[in-house]
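Okay, structure first, notes after.
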Amino acid sequence: MNPHYARLVTLAAVSATAVALVLFVMKVFAWWHTGSVSLLASLVDSLVDIAASLVNLLVVRYSLQPADTEHAFGHGKAESLAALAQSMFISGSALFLILTGLQHSLEPQTLHAPEVGMWVTLIALVATLLLVSFQRWVVKHTHSQAVRADMLHYQSDLLMNGAILVALALSWKGITRADSLFALGIGVYILYSALRMGYDAVQSLLDRALPDEEHRAIAEVIVNWPGIRGAHALRTRRSGPTRFIQLHLEMDDALPLAEAHQIADDLEQALRKQFPGADIIIHQDPVSAVPENQRGRLTA
């Protein structure tokens with residue numbers, strides 16, 4: 001496991017947990033003083049943030065363990081499981097917010113000291129923006145699915161905090177239903193984000209192929225490699241930080257085994273240089289052993 005990857009994803013998970021804890025305490029104070037249902041929505045979301053980030057931290061630490069005899073391909077799938085668990089946490093909180101928003105839109109309530117809630121929400125907005133910026137940087141350098149799921153979660157928090165700020169300002173001006181309507185809208189958006197996150201996690205657990213741009217980059221290296229007659233059966237997937245690449249090379253029948261091995265080994269090193277840490281399996285076929293309808297099926 002790349003130590004740089006391990007350090008970054010662990011730091012991102014710890015940072016998210018710390019921010020969620022601080023914001024939760026602040027929002028309890030603000031909700032207690034204002035009675036705002038949109039702040040209650042934010043408070044519940046922060047509670048889910050804490051649970052999700054703690055789960056994320058534990059799972060990330062587990063996924064960073066090296067491969068062993070029982071898990072020969074590593075523990076990277078744990079990241080997808082963490083993302084799936086987060087999507088379920090978030091969906092539950094979103095449904096709670098939707099129901100609470102509906103209830104309070106039918107029975108609007110006057111807020112107390114909304115300026116307290118506005119200040120706390122503004123602080124939460126800035127803190128979340130800084131966290132999301134850091135998480136985006138980590139995802140760019142690690143492609144961690146668990147950190148990406150956490151980042152999407154906190155991106156929805158950004159929108160939520162902005163909406164709460166507007167709702168509190170409108171309620172301060174006497175528009176009493178604004179608070180509950182904004183809470184309802186926030187709940188719908190968070191539910192959509194959670195379902196999307198869960199879909200991506202399931203696709204990863206089902207070994208979805210690498211993105212098209214990465215697949216094309218791999219194919220371009222292979223088809224232009226000297227000493228081969230063609231290639232076929234390229235299969236790719238990802239587990240945590242590790243890409244898995246498998247393919248068959250078509251080699252001249254008269255090519256010595258040692259030379260065929262060297263060609264495949266050089267190609268493997270070239271692919272690993274472009275995709276560091278990739279797990280690559282290359283099978284070498286005599287071209288005569290490959291059915292004609294399968295030969296050279298791989299194109300860039």
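In case you wondered, yes, glycine gets a Cβ from its N, Cα and C as well.
The Zn(2+) binding site feature in Swiss-Prot is assigned to Asp45, Asp49, His153, Asp157. Annotation for Asp157 (Zn(2+) binding site): spatial neighbours Ser42, Asp45, Asp49, Ala124, Thr128, criterion Cβ-Cβ under 8 Å with sequence separation of six or more.
As annotated by Swiss-Prot, transmembrane segment applies to 11-31 (among others), with the evidence given as sequence analysis.
The transmembrane segment feature in Swiss-Prot is assigned to 40-60 (among others); the stated evidence is sequence analysis.
What Swiss-Prot lists as transmembrane segment is 81-101 (among others). The list of residues near the transmembrane segment (81-101) in space but at least 6 beyond its ends in sequence, with Cβ under 8 angstroms from a Cβ of it, reads 37, 40-41, 44-45, 47-48, 51-52, 55-56, 59-60, 63, 145-146, 148-150, 153, 156, 180-188, 190-191, 193-195, 197-198, 200-202, 204-205.
The transmembrane segment feature in Swiss-Prot is assigned to 114-134 (among others).
Sequence-distant contacts of the transmembrane segment (156-176) (same chain, at least 6 residues past either end, Cβ-Cβ under 8 Å): 34, 36, 38-39, 41-42, 45, 49, 90, 108-111, 114-115, 117-118, 121-122, 124-125, 128-129, 132, 182-183, 185-186, 189-190, 193. What Swiss-Prot lists as transmembrane segment is 156-176 (among others).
What Swiss-Prot records for 182-202 (among others) is transmembrane segment.
Sequence-distant contacts of the transmembrane segment (11-31), counting only residues of its own chain at least 6 positions beyond either end whose CB sits under 8 Å from a CB of the stretch, comprise 39-40, 42-43, 46-47, 49-50, 53-54, 56-57, 60-61, 116-117, 119-121, 123-124, 127-128, 131, 134-135, 138, 144, 146-147, 150, 154. Sequence-distant contacts of the transmembrane segment (182-202), counting only residues of its own chain at least 6 positions beyond either end whose CB sits under 8 Å from a CB of the stretch, comprise 37-38, 40-41, 45, 80-81, 83-84, 86-88, 90-91, 93-98, 100-102, 104-105, 145, 149, 152-153, 155-156, 159-160, 163-164, 166-167. Summary of the Zn(2+) site environment: with the site residues Asp45, Asp49, His153, Asp157 set aside, the chain residues having Cβ atoms within 8 Å of the Cβ mean position are Ala20, Ser46, Val48, Ala52, Ile90, Tyr154, Ser156, Met160, Ile190.
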